[in-house]
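Summarising the annotation, TrEMBL assigns domain 'Phosphofructokinase' to 137-442. The ATP binding site annotation in TrEMBL covers 143, 206, 207, 231, 232, 233, 234. For 232, the entry in TrEMBL reads Mg(2+) binding site. What TrEMBL records for 233 is site 'Important for substrate specificity'. Marked as substrate binding site by TrEMBL: 260, 261, 262, 305, 306, 307, 361, 418, 419, 420, 421. Here TrEMBL flags 262 as active site, proton acceptor.
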Ligand SMILES: Nc1ncnc2c1ncn2[C@@H]1O[C@H](COP(=O)(O)OP(=O)(O)OP(=O)(O)O)[C@@H](O)[C@H]1O
Ligand SMILES: O=P(O)(O)OC[C@H]1O[C@](O)(CO)[C@@H](O)[C@@H]1O
Ligand SMILES: [Mg+2]
């Protein structure tokens, strides 16, 4: 038998409500039992990779998240203290029903399968922790993003005010802080004003993920709830931490909150801070437009973040209306020749006297590789370091107009990259961060673990780590949103008919594959799906 071990132990003094025992196949791969259980019209199974898949009628699939009861038997449960909370006691149906799930695909066909679902986030009637038993910690990893401090604040305040939890630690400086730095006690008083500041009060680092050292530290400190805020890399790291915790049989909840300014995390509608980033990018675009309009053949060139995904560039362009050309990593472009960028710039300057170009930092990297000899450098987390496309493109445009086109131009290059992510979150992101943090707290208190809290079709959900980490969210250039952008800027698509067909084929392949499992792929691209 597997017993909960380590500092948190497995306490048995409360009532065991036998929660979910009827519904869930509560066996982890540790027990080695994989027999599907038929429950009403649902069939629940855990496959070889410990995925919890529940199937139902008419092509219904639930990709569930792990729960303590999967690997620790007979844990006691307790009434949710929110039941007696003055703010919530009057709210009808405040608790989330066990059967509530959120559909991943908002668009349905009459005879199509019901498709993939995730567990709905929110408070449960029963919790798996008593308030004074909880010892939570929060860590932030990866690059900065507006809203990090709001998420930290709301985890602390949510634990304190909703669940009466008093012990919350901040881990200093990302994953490596678990084993090489000090911790910071966090109380509502300490975090009271932090949402008004950019950055993260906990500090953040790249690299340094050492699963066993991190889990040792969690165990040694007696931590039993771990809140991990970070991007795709961080969520991969979180999933290793969860697996190790499960392997050791610890009653420690691991909850991820997805953070990425690039909006490159799949499944979720958008990442927090993205709205703020787009808003902030507008300020740079406005400045570029003012400069361009005022000079002779003025060109404003703005470089924004977006390593592999051009969402900030695309949305900032669509929002601004002043942009004549948007270049993103997903859409290769070329400079010379018919329908190339130089030809378009010349035409636009002749027509309009000025133009604005927005470029995502990851765009055109293959062109830079051709013209610059440089070793492939990586950051501490293993992410490829990009060459400065803004600077490179500025030089190329200047050279072209001086030597070949023989036109006077006035190019102003604005690089607001770090300004965009260092600001505090705007009002809409602040609300979003609050709900993400509260969802994570409710999930951990209810005994869920190994999940990321995220917005799916406007509903807060618990998503298994593997779904978040298996691929990246990218702009699909054969989808409607990019077509809208092209029609608003009138820029060349830089694609031949052949490219479009090939791109569509590539795009369709994974969709066909996933179709059997409920059309997962395209519906990930919520940002491209708005009709
Ligand atoms: N494959 C992985 N396995 C384990 N840990 C990882 C992995 N990839 C990244 N990490 C760890 O996650 C942390 C953050 O990763 P990274 O620097 O890639 O940022 P991120 O979370 O992707 O955020 P962003 O890209 O938005 O800045 C680092 O400490 C890194 O060591
Ligand atoms: O310079 P840093 O801190 O490594 O961060 C840069 C990267 O972080 C991101 O903001 C998020 O991954 C990318 O857009 C960017 O390339
Ligand atoms: Mg990343």
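A Cβ is built for glycine as well, from the same backbone N, Cα and C atoms used for every other residue.
Locations of recorded TrEMBL features on the structure.
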residue: 143; record: ATP binding site; Cβ contacts under 8 Å, 6 or more apart: 204, 206, 231, 260, 261, 421
residue: 207; record: ATP binding site; Cβ contacts under 8 Å, 6 or more apart: 176, 379, 380, 381, 382
residue: 232; record: ATP binding site; Cβ contacts under 8 Å, 6 or more apart: 260, 264, 265, 468, 469, 472
residue: 233; record: ATP binding site; Cβ contacts under 8 Å, 6 or more apart: 141, 142, 206, 381, 382, 383
residue: 262; record: substrate binding site; Cβ contacts under 8 Å, 6 or more apart: 231, 271, 305, 306, 307, 308, 309, 311, 312
residue: 361; record: substrate binding site; Cβ contacts under 8 Å, 6 or more apart: 303, 304, 305, 306, 307, 386, 388, 389, 390, 417
Fewest other CB within 10 angstroms, which one of the binding-site residues 231, 306?
231
Work through the binding-site residues one by one (206, 421) and point out the residue whose CB has the fewest other CB atoms within 10 angstroms.
206
Any idea of the Cα spread of the ATP site, 143, 206, 207, 231, 232, 233, 234, as a max distance in Å?
13
List the Cα distance (Å, whole number) between residue 419 (substrate binding site) and residue 234 (ATP binding site).
22
Using a Cβ-Cβ cut-off under 8 angstroms and a sequence gap of six or more, which residues of the chain neighbour residue 234 (ATP binding site)?
141, 142, 175, 228, 256, 259
Listed in sequence order, the binding-site residues from 143, 262, 419 whose CB sits under 6 Å from ligand 2 are 143, 262
Please identify, from the binding-site residues 260, 419, the residue with the sparsest Cβ neighbourhood, meaning fewest other Cβ atoms within 10 angstroms.
419
What is the set of residues, excluding 143, 206, 207, 231, 232, 233, 234, whose C-beta falls within 8 angstroms of the centroid of the C-beta atoms at the ATP site?
141, 142, 230, 237, 381, 383
Residue 233 (ATP binding site) falls, by three-state DSSP, under helix
Ligand 1 is in the model; which of the binding-site residues 306, 361, 421 have a C-beta less than 6 angstroms from one of its atoms?
none
